[in-house]
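Residues or ranges marked as compositional bias 'Polar residues' in TrEMBL: 292-307. Per TrEMBL, domain 'Potassium channel' is recorded for 65-127, 163-239. The N-linked glycosylation site annotation in TrEMBL covers ASN66. Taken from TrEMBL, the feature region 'Disordered' applies to 277-307. Annotation source TrEMBL lists transmembrane segment at 106-128, 149-174, 186-203, 215-235.
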Amino acid sequence: YLLYLVFGAVVFSSVELPYEDLLRQELGKLKQRFLEEHSCLQEQQLEQFLMRVLEASNYGVSVLSNASGNWNWDFTSSLFFASTVLSTTGYGHTVPLSDGGKAFCIIYSVIGIPFTLLFLTAVVQRIIVYVTRRPVLYFHIRWGFSKQVVAIIHAIVLGFITVSCFFLIPAAIFSVLEDDWNFLESFYFCFISLSTIGLGDYVPGEGYNQKFRELYKIGITCYLLLGLIAMLVVLETFCELHELKKFRKLFYVKKDKEEDQVHIMEHDQLSFSSISDQAASMKDDQKANEPFVTSQSPTSNDSSLNN
């Protein structure tokens, strides 16, 4: 796992570092040109202004005139924010500004995230009965196919349907509705969102003069919840495959069989001895309580036979 982390760090660093360097050089040139064209402005004043603008941008507030019409805390935007918090996606493009909002966000998340996990678990466990288990049993019992083969084919088909309905088709729709997104960027947003990574570099509905923005935000909220349920159903389906169960057992902690057998033998000996003791005592009590049965000595029996 550590090697995999190091591998990811090396790849990201080698791919992204040149682009970061180019962007830094471009920003430096733009800043220098702006100061040359406006000689009355000091560099320190420009730095303070840019610092304030960037700080406001981190809170989802933009100084640009074309973005001033979009409010971050109207009802639909707040509903979208609540869904991203409870699903642990957390894009980070909008965050609470006030101390009261931050305190409420903590309390709301502490209660809401476990409740969301419970809700998703309950929904997935009910859906998977009709989506996975019954179809597999139907083909296994009705047509006589191997249950393992049917489960593998079903998992592959279900995964393909989920990718098509919640990744490919929404990516095509987002690439049309969002002016600055191509298909790859839209697919990237769908994956980052439904995997609950939520980097926040692409957030839909934040463009200038977005048509039907309130309805669009509600639709995205529904898409995230349904997509998250679909992803969990697919994961649960693959986890129920026999091959994956065998693979997971390789990492389980195995108990020492000799110790287990010793404990079992001790319990069995104790139970057998206690049962035998109880049986013997019950027989003695039964003989003592029988009024018409008397014990006869061997001599009396012999005399009776001789007579």
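Glycine is no exception: its Cβ is also placed from the backbone N, Cα and C atoms.
Highlighted: of the candidate stretches 106-128, 149-174, 186-203, 149-174 has the greatest count of Cβ pairs under 8 Å to the transmembrane segment (215-235).
If you look at the transmembrane segment (106-128), the same-chain residues 6 or more away from its ends with a CB under 8 A from one of its CBs are 82, 85-88, 228-229, 232-233, 236-237. Per DSSP, the secondary structure of the domain 'Potassium channel' (65-127) breaks down as 44 helix, 0 strand, 19 coil. Counting residues per DSSP class in helix, strand and coil order gives 54 helix, 0 strand, 23 coil for the domain 'Potassium channel' (163-239). The average pLDDT for the domain 'Potassium channel' (65-127) in the predicted structure is 88.
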